[in-house]
Every structure is written in structure tokens, then in C-alpha cells.
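What follows is a set of notes on a single structure, which appears directly below.
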Amino acid sequence: MKSFLNLLFVFLLFSFGCKNETQNTSVVEKTSQKQSEFAIIIHGGAGTILKKNMSDEREAAYKAKLEEAIKVGHTILKNGGTSQEAVMKTIQVMEESPLFNAGKGAVFTHEETNELDASFMDGKTLNAGAVAGVTNVKSPIELAIKIMTDSDHVMLSGKGASTFAKEKGLEIVDPSYFYTENRFKSLQRIKDRAKTELDHDDKKAAFYDADIKNAKFGTVGCVALDKDGNIAAGTSTGGMTNKRWGRIGDAPIIGSGTYANNKTCGVSSTGWGEYFIRSQVAYDISAKMEYQQKTLKEATKDVIQNKLTKLGGTGGVVALDKNGNMSFEFNTAGMYRASMNNKDELTVKIYKE
Ligand code: ASP
């Protein structure tokens, strides 16, 4: 009897031991298991983009570049890379293209220079970096990320930002790198029109109307969710044609042009920057999700179609939430945009449909 009880005791001990071991293993597996959801969404600017003003070749060129850019980020995410890397590399493809108002294709200031702005935010740590008014840094989005990772600051501007970029070994270019004939001609047209209107009308209206109504904005932005569940967002721009006095728009302002929070979503904006600053567009979308339990779709729609539109602002956002839901929302005629999910499904669009 005694040996039977001993045997029973050993058996029970053994089976409990095994069970605990199995439980532990599954817990370890669960925590180290990567989520399979990942997604990426981009924009190349919003504005008066009408089919009737677009040649087939130009439309095809935009679509091809959007597709090329988003596939770079998607491949990074698919291979288990970070959302930070995906956002940077995707934006760099667009910064290097003259098609978009960012990097190479930046618009001209009133003084016929190019002043570039960019920002980046990491949704896991809520760390952020931003740069305003640089004239000789090839990739402003890379600089924004460097400011986040290698400085004690969130935002640097002008000459100081260029010095920091040089010290960190980022690629510096001659300001003439940003010259494109198209953008230069746009500036001349806007200046001519503004001059005529200034002769007899309200100065402010002439300055802004010429800029806004006739400009296709063209800023670029990207939001990505990686397999670890981390959201990152970034935006890069040349600002607005004919800007002066060191004007800075929403693109480098965290909460206006860019925002990311793993608890809610990531957002990148494009449009008439002054209105996006006043509406705190990117943060407001996240706040609506956090405090009002709105879905991503409800939050983006509310902020763009109600709040921004009532104020008189034009433009749009791309946004992506922690579950991989995506939203394009804009109140202009068009927005260059694309998205890709974890099933490799690709969407590339320009006009309102
Ligand atoms: N938001 C940018 C700015 O105001 C312009 C744009 O999106 O194209 O500087």
C-alpha cells in the first residue's frame, strides 16, 4: 500500500511538472510571437488634382512612383523590419522624385530658394523629431529621425539643423539640387498673378488665393504598422509655393502634420498648413479615438470633413490604426495616395472616387 501511495505521489508530481512546463512554454511562445498584421499607407499631397488637367503619361508616372515607394516600405515590413525604417525608406523614394513637393521636387519660396520641413513620430515611445527650413539636406525625413534618435530635442531649424545634419554624417547637397523647372515656373506664375491682384485688392487674399486655389500641394507622408504592433508616421515637404518670411507649415509640427501612438493610430497630413496647425489635425484624430472611442474612419472623417472644412481649410490625411485599419480622408478634388496590407493588396488612387 505504502509503495502504491509513493508511486501515486511520484506520478502526480510528474504530471503537474509537465503541465506547468507546457503552460510556461505557451506563455513564452505567445509573448514572443509576432503579430501578423502589418500595413502601410502613403500620400503624395492633396489639392486641385483634376483628371481633365492631367495627361495620361503624368498620371501613369505618379501612380508608378506611388507604387514603387509603397512597395519599398511594404517589403521592409513583410520581412519583419520596423515601421520607422519603412516610413523613412518609403518617404525617401518620394523625396528623390521631382514629382512631389518634398526633397528634390520642393516648391520655391518667394525669394526663389527651397526650404524644407519634415517630421517623424514613433508610436511606441511617443518620441518625435522634426526639422524646419533646411536648404541643403538631401533627405529631410532622415534628418527628422536623426533629431529624434541623436539629440535631446524634438525640433531644429535652419542653419543649426544643417550643422547638426553635417555632424551626423547625413548627405548634404548644394541648394541647386532642389531646382526643378516646373516648380520654378509655378513660382513665377503665382508671383505674376499675385502682383496683378495686389494692385487693386486685398493683399492677403491675393497672396493666399493665388497660392492655394491654383496649387497642387504635393507634400509626402507615410504611416506604417509593423509586425511588432508599432506604428510610425512621417511627413516631408517643401511647404507652399511663394512662402516667405521663414514661413513654416504643419508638416514639421507634431500633432498637426504628423502623429503616432500605438494606443490609437498614426496620421500624416497634407494641405493648407495654417489650418492644419490651428486644428491640430493629426493629434485630434488620435484624441477622438482615445477619449471618445471613435473608430479610425469616424475620427478622420469628423476632423477633415467637419472641423477642418468649417474652418475653411483644405487638404487631407492618411491614417492607420493599431489593428491595421486604414483611412484616406480629404476634402479636395484629389489626393495622391496608396495603401498595402499584409495580404499584399495594393490600392493606388489619385482622384475622388
Ligand atoms: N501642408 C504643407 C504646408 O502647409 C503643404 C502641403 O501639404 O502640400 O506646408
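In case you wondered, yes, glycine gets a Cβ from its N, Cα and C as well.
The feature active site, nucleophile is assigned by TrEMBL to THR219. Secondary structure at THR219 (active site, nucleophile), taken from DSSP and collapsed to helix, strand or coil, is coil. Here the Cβ of THR219 (active site, nucleophile) has 34 other Cβ atoms within 10 Å, regardless of which shown protein chain they belong to.
When secondary structure is read from DSSP and collapsed to three states, THR270 (substrate binding site) falls in the strand class. TrEMBL lists ARG247, ILE248, GLY249, ASP250, THR270, GLY271, TRP272, GLY273 with the feature substrate binding site.
When the binding-site residues ARG247, ILE248, GLY249, THR270 are screened for a Cα within 10 A of the Cα of THR219 (active site, nucleophile), the ones that qualify are THR270. The sparsest Cβ neighbourhood within 10 Å, among the listed binding-site residues (GLY249, THR270), is found at GLY249. Screening the recorded positions THR219, ILE248, GLY271 for a C-beta under 6 A from any atom of ligand 1 leaves THR219, GLY271.
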